[in-house]
Each structure stands twice: as structure tokens, then as C-alpha cells.
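Undergrad: Here it is, the structure, as C-alpha cells.
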């Protein structure tokens with residue numbers, strides 16, 4: 001009961017991470033626009049349609065190459081393009097086609113925007129179009145850069161100061177910075193505050209993952225850790241709902257930020273994890289937490305701290321028997337992930353899967369609003385399809401194995417990317433369903449790679465392996481927005497890139513060993529042998545070793561080897 005309450009309280013706030021990660025899909029929308037004009041409009045013309053105002057023209061707008069002809073009250077006739085405007089030298093009649101002389105002018109009077117869908121976005125607020133369009137395209141990549149840095153910083157702080165304090169700070173930070181974003185006065189302050197928001201959001205997701213895995217029992221740990229991401233997906237669904245209801249960007253941002261306010265008000269009640277307290281030798285505090293857990297769970301004879309402490313001390317004594325091994329464990333670097341050809345090939349493949357999973361995840365999510373049809377429904381469905389994919393991932397890992405689940409879903413996602421290219425653009429429903437299938441398949445692969453990575457490497461470099469893979473994941477999230485922008489070059493180019501990466505990852509995964517039911521390795525030699533001779537590692541897992549070792553690894557290793565979107 002105690003663990004369940006802590007789990008659902010902690011993962012509830014994970015929704016805010018999904019909210020802020022994808023908030024820009026509606027907040028930074030670029031609506032239809034044309035150059036502003038130096039006067040009041042008396043009539044407007046778009047092809048054969050004549051209207052009294054430009055606002056009535058937007059429903060007829062079909063392409064960025066279109067232009068609008070307007071006549072001002074002083075009789076001047078102007079042609080308004082998106083990034084330029086021209087004044088007709090001789091114009092007695094208001095006609096759409098004109099072959100006479102024109103004077104070209106820049107858009108010095110600002111821009112006129114289509115506000116039928118969105119009353120205000122950050123693009124319309126600060127005119128992030130034409131020669132300033134690149135500023136709008138930097139909004140999501142700079143946020144993802146903050147995600148990368150925040151995960152590193154707060155992961156380290158959580159090891160030093162404890163999980164509880166970081167959860168307090170990052171939860172409050174998400175609320176404070178989230179609301180502050182709505183009141184920024186210019187583009188640069190907006191990007192800076194969003195960068196800080198990304199850091200605390202990423203920090204919370206990393207530390208919350210560690211927090212719940214240190215409280216949840218080992219039998220439920222795989223399911224519990226996987227479904228932290230399910231609440232992240234719920235946050236994406238909330239973005240779609242709020243975006244549909246609120247069409248002014250700063251009000252939209254405030255509503256998104258207060259969605260998880262209840263957790264901010266009660267997060268101070270969360271206790272520190274006993275594992276961290278024991279690692280800091282705060283045995284009395286750890287015992288207090290254990291006693292509280294016992295009362296909540298109605299356990300009459302709670303665990304005594306002296307038990308695990310004595311085991312820990314015995315392990316330290318045993319470890320001192322071989323000074324050479326102890327010193328070598330302290331000297332391992334990321335170069336050890338390339339110590340021989342078999343481990344190097346394994347590392348390259350694992351890094352590629354991490355990168356591809358993150359790239360595909362965000363390409364499908366960010367591009368969902370450009371699929372046609374109702375963009376709000378599209379994003380909602382893209383988020384909703386994640387919920388069953390983590391269930392499938394858990395079942396597949398336990399029944400089929402890690403590799404045998406990963407390979408078909410990576411290759412399936414590649415095939416779906418190719419299939420989408422052959423669907424006619426008029427078939428909006430079919431395109432949306434195919435994108436949902438692609439997000440589902442890449443989500444399964446993305447969900448299980450963390451545990452698979454931890455099992456592929458020996459104890460001495462396990463944290464390095466998962467930590468480096470997680471960094472590649474974040475690099476993929478930084479690259480993903482730029483990949484989505486390639487739609488302007490060719491509409492299918494982002495999908496083509498994701499498909500190639502997924503197919504390559506799936507093929508390379510065939511060479512990885514299966515780890516289901518096998519004992520965790522301790523040395524690089526054992527890990528190498530697992531890849532060379534699969535039969536020698538296929539025996540039954542010694543119960544004492546696999547259970548105790550895995551428990552110990554997750555106790556003291558997962559804080560530095562945590563997954564993060």
C-alpha cells in the first residue's frame with residue numbers, strides 16, 4: 001500500500017514532463033500570414049473572390065505561394081506576399097493579375113496573421129517568420145538541449161543530496177518556470193526560461209524513475225519502471241486537450257503548468273529512499289522510513305536496518321580480498337565499452353538503438369500535427385497509442401525475450417515508414433493510423449532497450465553502458481526537431497531517415513545475444529563469451545546469484561543508469 005501510494009504520486013508528476021516536452025507543437029504554430037500594409041483596407045481580392053477585409057480571405061488560402069491584392073482607402077493597390085509586398089504603380093481597377101510596373105518593399109509594417117485557429121502563438125507574438133523563421137525552429141531543439149543537460153546535472157545532484165530534495169526542487173521548478181514562460185517579455189527570455197524548464201523537467205523524470213524503482217519490489221520493478229513512461233504519454237494527451245480548448249499561447253501555457261499543481265503542494269511529504277539513506281550511512285533515518293512502510297503495509301515485524309547493513313559490510317570485506325580487482329573497478333572508462341571487437345560492435349548497436357528510438361519517438365510525435373485532419377485529435381491518438389505499447393513490451397520481454405521482441409518491432413517501424421510514403425495524401429485516416437502504428441512499434445523498442453542494455457554489459461561497466469546509451473537517446477531528441485523541419489525539403493524525408501535508422505538497428509540487433517533467463521555477467525570476458533558462445537550461457541540462472549546480484553545492482557547502480565525520454 002505504501003509503495004503504491006508513492007508510485008502513483010511520483011508518476012503523476014511525470015505527466016508534467018510529457019506536457020512540457022510537447023507543448024511547443026501548438027505554442028509555436030506558424031499560421032498563414034502576409035506582409036502588413038501602411039493603411040486601412042477598403043477591399044481585398046484573392047483570385048476571383050472579393051472581400052471587404054483580409055480576415056475573410058484566410059478560408060480561401062491554399063498555398064504559401066499565394067498572394068493577396070488589397071486596395072487601401074487612399075486608392076493605393078498592394079500585392080501582399082508572405083515575406084514581401086509590392087505597390088502597383090498604375091492601378092485603376094482592382095484585378096488579381098497585373099503586368100505593369102511594381103515597387104517592391106520589405107515588410108516594415110509587420111505581418112497580418114490568420115487567427116481563425118489560434119488567437120496568438122509565440123510566432124505571431126514576436127514575428128518569428130521570414131528572416132526570423134530560424135528563431136522559431138530553435139525553440140524545440142534548445143528545449144531538448146536543456147533536457148540533456150538537466151538529466152546529467154540533476155542525476156548527479158540526486159546522488160549527492162538525495163532523491164527527495166531533487167524531487168521537491170524539480171517539481172516546484174516545473175510549476176514556477178512553466179508559469180514564468182507565459183509572462184516572458186521577448187523571444188530570448190522565453191527561450192532561456194524554457195531552457196530552465198527543460199532542465200528541471202528532465203531532472204524530475206530521471207530522479208523519479210530512480211525513486212520509484214528503489215521503492216518498488218523487484219517482482220514489479222520492470223512493469224513499474226516501464227509505466228512511468230505511460231504517464232508521460234498521458235501528458236501528451238493533455239497537451240492535445242488543452243490545445244483544443246485554449247487558443248492563446250500564454251493562457252495555454254498557464255493551464256498546462258497548473259495541471260500537476262496538486263503534486264507540487266504535497267510532494268514535501270514524500271520520504272527519502274532507504275537505499276540512498278543506507279548509502280550515506282544514515283541508518284536511523286532509514287529505519288524510520290522502513291517503520292513507516294511497515295505501519296502502512298500492516299507488517300508486524302518490520303525489517304531491521306542491521307540486516308542489510310551487515311550484508312553490505314560483508315560484501316565490502318569480501319571485495320577487499322582482491323585489491324587488484326577493486327582498483328580496476330575504479331578505473332573503468334567509456335573506452336572499456338570498445339575493449340574488443342565483440343563488445344565494440346555491441347556498443348555501437350546499442351547506441352544506435354537508443355538514438356533511433358528517441359529520434360523516431362519525437363519525429364512521430366512532433367509531426368503528428370502536420371498529418372492533416374484534426375491536429376488535436378492526431379496528437380491525442382499519438383499519445384494514447386503509447387499506453388498499450390508498454391504493456392506489449394513487458395509481456396514480450398518476459399515471454400519472447402529481449403532481442404526477439406526488439407528485432408521485429410524495429411523492422412516493423414521501418415516498414416511502416418516506407419508504407420506511409422505510398423499512401424495517397426487524400427487518405428488522411430489511413431495516414432494517421434499508419435503513424436500511430438509507427439509510434440507504437442518504435443515505442444515498444446524504445447521502452448525495452450534500457451533493461452536490455454543493462455543485461456548486455458557486465459557489472460563493472462553497466463552504469464557506463466546505460467548512461468552512455470541514455471546520452472545517445474538525448475542526442476536523438478535534440479536532432480529530432482531538425483529532422484521534422486526537413487519536411488519542407490521533401491514531405492517524407494523525416495520518415496525515410498527514421499525508417500533507414502530503424503532497419504539498420506533491427507538488422508544489427510540480430511547479432512546481439514539474448515539475455516532472458518541468463519545470469520548477469522561480472523567481467524568483460526564473461527560478457528564477450530556470452531556473445532561468442534550462446535550455448536555456454538544458456539544454462540539455468542542460479543537463483544541466489546541472479547536475484548541477489550540484480551537486486552544489489554538496481555539498489556546502487558540505477559541512480560546513474562536511468563532511462564529518460
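Glycine is no exception: its Cβ is also placed from the backbone N, Cα and C atoms.
Automated prediction, rather than curation, is the source of TrEMBL annotations.
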Undergrad: What range among 304-321, 322-339, 376-393 does TrEMBL describe as transmembrane segment?
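TA: It is 376-393 that TrEMBL describes as transmembrane segment.
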Undergrad: Do you know which of 224-244, 518-538, 539-559 TrEMBL annotates as transmembrane segment?
TA: 224-244
Undergrad: Can you say which of 103-123, 250-270 is given as transmembrane segment in TrEMBL?
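TA: From TrEMBL, the annotated transmembrane segment range turns out to be 250-270.
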Undergrad: Would you mind telling me which of 81-102, 191-212 TrEMBL tags as transmembrane segment?
TA: 191-212
Undergrad: Mind checking which residues of the chain, 6+ beyond the ends of the transmembrane segment (376-393), have their Cβ under 8 Å from one of its Cβ atoms?
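TA: Apart from its flanks, the transmembrane segment (376-393) reaches 18, 22, 25, 226-227, 229-230, 232-237, 239-241, 243-244, 364-365, 368-369, 405, 432, 435-437, 439-441, 443-444, 447-448.
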Undergrad: Between 0 and 100, where does the mean pLDDT of the domain 'Major facilitator superfamily (MFS) profile' (59-517) sit?
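TA: The average pLDDT of the model in the domain 'Major facilitator superfamily (MFS) profile' (59-517) works out to 85.
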